[in-house]
């Protein structure tokens, strides 16, 4: 099911205030996708896509002022209460999307009084857990998760009392260069203006000025020279008997990203080094290395680290390693 993609499209459509749009039929499709998505729970115990996409679907329906069946909402409540919302940075993303959906449903009075109280408590609980997850650098989860957490602080009103809000905002302002794709810009721009996605629901389109004007963007300047990156692939027990499966230097151009390093490694040793990615709205996501596939039903993923044991705050297409840096691709459990 295209749950997350259609949900994002409907959120963007509502924010763009189009004069005419097929919103009614798209909302019907989204309701259908939410039901199709949940058929995966019979086999895997979670949606066919992910709780992140499922939460986005509920949020998009709420923003369009559409009621959601109580059973659909309780699926998310149960997942949150039992800690099923993902690993590391993605857990912050998912918990934030779910908290925004809960706050929207409660605020728009699209649920009964008893369920509204449960949703309010769950959203505030999510806000507290995000504050507890904040690192010493102010980042919550990772740099891309931080705008989601800030949206929750804004939506729940915690931004006025939670010290983590100011620290996270400062960290965000120091790392704005990380938000170079359309999807990541869409997450960070509302926060920089003091808004969350919930504010889209209360927009008055007739009062919105036409501010969509093209912007000339200069192409990035070329960085001369080359660099060498040490690329390591690790696979601990129980998936592999040998921890370190690959360890060799990879020469690349000075401006190369981690994704470029992977392509260069594959070109150097096509028989021994292979990898696959999956396209997402935030760029390519690493799914398979050396024939080892990370799968949600196995509760594992390819973690990206720089030595000695520091998780990367960017994706493979955005992170640009330094000359001599050692990068680790580690199959990890969440």
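Using N, Cα and C of the backbone, Cβ positions are placed for all residues, glycine too.
Features of the protein shown, as given by TrEMBL:
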- 49, 50, 51, 52, 53, 93, 142, 187, 302, 303, 304, 312, 334: cyanocob(III)alamin binding site (BINDING)
- 62-104: disulfide bond (DISULFID)
Cβ contacts of residue 53 (cyanocob(III)alamin binding site) (under 8 Å, same chain, 6 or more positions away): 3, 4, 7, 37, 47
Cβ neighbour count (within 10 Å, all chains shown) around residue 304 (cyanocob(III)alamin binding site): 20
Entry from the binding-site residues list 51, 302 having the most other CB atoms no farther than 10 A: 51
Residues satisfying Cβ distance under 8 Å from residue 104 (disulfide bond), sequence separation of at least 6: 59, 62, 63, 110, 155, 198, 201
All-chain count of other Cβ atoms within 10 Å of residue 142 (cyanocob(III)alamin binding site): 19
Recorded positions listed as 49, 62, least Cβ neighbours within 10 Å: 49
